[in-house]
Each structure stands twice: as structure tokens, then as C-alpha cells.
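Straight from Swiss-Prot, the features:
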- MET1: N-acetylmethionine (MOD_RES)
- ASP53, HIS55, ASP81: Mn(2+) 1 binding site (BINDING)
- ASP81, ASN113, HIS163, HIS237: Mn(2+) 2 binding site (BINDING)
- HIS114: active site, proton donor (ACT_SITE)
Amino acid sequence: MAPLDLDKYVEIARLCKYLPENDLKRLCDYVCDLLLEESNVQPVSTPVTVCGDIHGQFYDLCELFRTGGQVPDTNYIFMGDFVDRGYYSLETFTYLLALKAKWPDRITLLRGNHESRQITQVYGFYDECQTKYGNANAWRYCTKVFDMLTVAALIDEQILCVHGGLSPDIKTLDQIRTIERNQEIPHKGAFCDLVWSDPEDVDTWAISPRGAGWLFGAKVTNEFVHINNLKLICRAHQLVHEGYKFMFDEKLVTVWSAPNYCYRCGNIASIMVFKDVNTREPKLFRAVPDSERVIPPRTTTPYFL
């Protein structure tokens, strides 16, 4: 079989186009093989730029790259939730996969709670694949990649990046390293908590209103950071109107990278640039104006009209 034309895939994806089904399958298989080599806690070196949820907002992802620099000039960590809710989940995920395939050491993709079969069948990605390809094969190829995505990244051994937050079942990074990640996200337990939990002003742990994961407080965060010799926990998973938010004596930061979320929230987005572990700079960006994006029709037009 001919080798993958990764340059072509990147170029197609950059134009907000999706690949022919067979090319997408080959790209997904290729990225799965790359992800197989990655640890549950993937080491990453500074300088690096950390990004939060994207949710299928393709044109805003392009704005993110204009703000932070293109791959491979900038080294990126994306903390999950690439798909669902936005108009272009398929094109967004395809673009990130193509970049990962072409420059695997310059972009680290973490799993979010939306990188799941169950969630994508409810929040849009499954239906989008069905509409654009006429079948669910593309969705199946992508969900195989979901299962392979790593769950955390560790910047210079001192900054932990994870989609959601902490778990009462995890005290050390080594306990994250032993999780069996190649599966659908379970309904409860350590793996589930890492992608579903939220920081909150609670004593230790509290039931999460999301119905999965936990709410965790400053005491829990400080203990975890201390035991694991960390400076900071970076996470995404929650809309922040200002783009980012520090909590718990600046031991934790939420980074949100989907501006004007769902095309109506009016929020700013951010990415967090780490020159080194002690030098961080948030970069803010706004949604691309409607004149610069293509708004797809609500439903596909029947062929015979």
C-alpha cells in the first residue's frame, strides 16, 4: 500500500474539509500506532502551549493557531474535548489527527470526557459523521483513536495536564500510569474521575452535579501537588468566561479554548504558554467573526432538490 501522504492530509484538513473515508481510516490507524507508544502520563518539555476544550469550533481552532503559532513552530498540549457541540467536530478532529501524524513530538492530545462513544452519540459527533459520510464508519475509526488517547501530560516533571481533575482513588502519578486506558471511559473510578471531575470550594470531596467524577477542593489539590512534587495542575472541562481561571493558591488553573462557546456564550478563550515551569503567559483570543466562517445549513439539502 502507498505510504500516507501526510502533507496532503494536513492541507485538506486545514481548509476545513474532511478526508475520503478510506484515507480517514488510514490516518486513524496510523495515529493509533503512534499513541500506542505514549505513556498514560506523557512527558513533555517546555516551551509548550497548553489548550483547553475546542468542541468542533474549527475556525476558532485556526484562530488559536494564529494566536499561539502553527504546528510545528509551537509545541502544543490539547487537553481533550475536540468534538461535539460545534459544527465541525469531524474536520477539527481530522485536522488535529493530521498534525499529530505529521509532527507527533510537537502535539500531545489528551482524552476528554467527550472522547467517548456514549457521549458522542448524544452531543453531535456521531450524527455529524453520519450526515457527512452517510454511514457510521468514520465515527468508528475515530472512536478507536479515542480509546488510545493518553489521559495526562507532565511538563518538565512539574506541571500536570489532565482534562477534568483529581480522583479519590489516585494519590500518585504512578497510579495514573497503571490505568488500563485502551477502553471506553468507565462510568466510575479513577479513569472516569480524571476526565469528569471539577475543582470547587469544598472541604475535600463532594458529589458532582454532572453525575460522574467528583468535586474536589483546595486541601485535596494541595496534598496531591505536594506528594507528587508538582507546581501546578492544568485542566479544562469547564467554561471560563475570562478564558482561564486560577484557583487554590494558584496550584490549579482551568484553561478554556472555545471562544463564544456554542456560538452564543460570548466568552473569551485562552491558551497558556509555558516558557519554562516558572514562566507562564496566558494568551487570550476571541471568536472569529461570522463573516470569516461558513455556517453550515441546519440540515443537509436533499440531493434531488
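Counting begins at 1 with the first residue displayed.
For all residues, glycine too, the Cβ spot is worked out from N, Cα and C.
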Checklist line | Any further residue of that chain within 8 Å (Cβ to the Cβ centroid of ASP81, ASN113, HIS163, HIS237) of the recorded Mn(2+) 2 site | finding: ASP53, MET79, GLY80, GLY112, HIS114, GLY164, VAL195, TRP196, ALA236
Checklist line | Those recorded positions of MET1, ASP53, ASP81 having Cα within 10 angstroms of HIS237 (Mn(2+) 2 binding site) | finding: ASP53, ASP81
Next item on the list: Quick one: of MET1, ASN113, HIS163, which recorded positions lie within 10 angstroms of HIS55 (Mn(2+) 1 binding site), measuring between C-alpha atoms? Sequence order, please.
Entry: none
Next item on the list: Mind checking which of ASP53, ASP81, ASN113 has the fewest other CB atoms within 10 A of its CB? They're the binding-site residues.
Entry: ASN113
Checklist line | Non-site residues, in chain order, whose CB comes within 8 A of the mean position of the CB atoms of ASP53, HIS55, ASP81 at Mn(2+) 1 | finding: GLY52, ILE54, GLY56, GLY80, PHE82, VAL83, ASP84, ARG85, GLY112, HIS114, ALA236, SER257, ALA258
